[in-house]
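Participant: A single structure is presented below for examination.
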């Protein structure tokens with residue numbers, strides 16, 4: 001494709017440069033408006049500069065990708081409410097055999113959860129768990145935070161729903177879910193093992209902590225916190241049959257009912273009423289000739305009746321409290337079993353979504369259908385759950401689609417690819433290495449999703465000229481390298497930034513993961529894992 005006119009090239013490049021700066025550095029001093037607003041600004045400039053017409057801008061938005069992204073986010077919200085990630089967090093500390101075992105568990109659980117529920121979601125909900133467990137064992141958190149972020153990126157490469165760039169690749173390439181999984185899964189599994197091995201070797205001394213060096217008090221506190229942790233992004237359902245104050249009242253009333261004072265009153269009330277009135281009758285008979293004796297007898301009778309009535313009232317109140325307690329307990333059990341049934345249904349719908357995708361059904365509509373099924377199943381106002389969807393990410397994607405399409409219209413990406421294309425054929429090892437290096441560098445300069453949008457069609461067209469198998473292989477190589485490239489630096493992927501920010505803001509557990517700490521591990525890990533995985537991509 002030839003270059004466009006000079007004004008269009010200059011203005012289109014300016015709009016893309018503004019988008020790139022705000023996407024990579026969202027808090028730049030001269031324009032701290034963030035990534036989402038930056039993508040919209042880039043899209044607007046493409047239209048204002050007439051690089052794209054308004055109709056071309058609307059056509060550039062890929063609705064199937066947005067639908068798939070929206071559906072998977074809604075499903076993730078309901079999985080959080082159903083305690084899925086809470087159970088995953090408990091697996092981290094269940095019968096742990098030491099720091100190295102803990103690190104391997106983090107790598108495995110993070111990778112699997114990211115492949116199924118996206119890497120960003122896994123990082124959001126597991127970061128605080130890992131900080132608490134690290135404190136429990138008196139260990140520095142950064143090896144475990146690195147394990148979480150890097151394994152989340154590696155694991156997310158295995159499925160089309162693991163990360164945003166894979167969503168783009170799956171929709172544009174039309175590779176079925178099952179074929180995508182089979183093509184990348186061996187590389188992902190070996191990549192997780194290699195990544196964990198690198199972490200263990202680099203931090204061997206820090207991870208060689210004996211049990212007697214741990215803080216037992218911290219262990220108890222951390223264990224309690226892990227067990228009682230609730231994920232901040234999710235609103236957990238609570239039982240509404242009886243609140244804690246009502247339970248306390250019922251328990252107090254039961255204790256009152258069984259107290260010695262009440263038993264004494266009951267013993268006093270146990271004789272029949274004839275006996276109660278027998279005392280005043282005898283007094284009246286013996287003092288019939290005395291008015292004073294009559295008055296005394298009446299007072300005694302009145303007092304006895306009052307005691308009897310008081311005992312009846314106490315007994316009635318006690319019985320009502322017992323009935324209230326029993327009814328509340330039954331309501332509590334009903335709510336408990338309803339919640340268990342609801343959680344099982346959430347898991348079954350999610351499993352059904354994954355099976356439908358494996359069978360080759362349209363991924364976007366499958367995800368949206370699963371999301372709406374969960375909304376209907378919840379049988380309550382869906383607004384609180386839908387408010388947890390990251391609409392700013394959806395808007396960011398809309399702006400990015402328009403901006404990247406405008407930059408493509410300038411002809412610059414095509415001209416650059418024409419220089420690299422003869423050396424990037426995927427039918428021989430040298431071409432694969434060159435292509436991987438191009439993707440690796442661009443993913444860290446322009447971020448992985450824009451890189452996929454810029455290179456995807458060109459790489460696939462070049463490989464399709466060789467064979468259909470090579471076209472599929474080129475798409476999978478693009479998915480693998482663009483994802484693993486996120487491990488190179490702290491700014492390489494959103495998952496890294498999420499772990500860093502979550503750790504920095506964690507209450508009472510704050511920890512700062514520095515850029516250099518990440519780069520020291522990320523550079524060798526990225527190069528080794530990428531190279532090993534490329535040999536297994538088919």
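Glycine residues also receive a Cβ, built from the backbone N, Cα and C atoms like all the rest.
On a predicted model such as this, the values are computed, not experimentally measured, just so you know.
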Participant: From 500-518, 519-537, which range did TrEMBL mark with transmembrane segment?
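Facilitator: Going through 500-518, 519-537 one by one, TrEMBL flags 519-537 as transmembrane segment.
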Participant: In TrEMBL, which of 130-154, 155-179, 180-204 is tagged transmembrane segment?
Facilitator: 180-204
Participant: Out of 58-81, 180-204, 363-379, 428-455, 519-537, which stretch has the largest tally of CB pairs under 8 angstroms to the transmembrane segment (391-408)?
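Facilitator: Of the candidates 58-81, 180-204, 363-379, 428-455, 519-537, 58-81 scores highest.
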Participant: Looking at 180-204, 363-379, 428-455, 519-537, which one has the highest count of Cβ pairs under 8 angstroms to the transmembrane segment (475-499)?
Facilitator: 428-455
Participant: What stretch of 58-81, 180-204, 363-379, 428-455 shows the most Cβ pairs under 8 Å to the transmembrane segment (519-537)?
Facilitator: 180-204
Participant: Look over the recorded stretches 180-204, 363-379, 428-455 and say which has the most C-beta pairs under 8 A to the transmembrane segment (58-81).
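Facilitator: Answer is 363-379, with the largest number of Cβ pairs below 8 Å.
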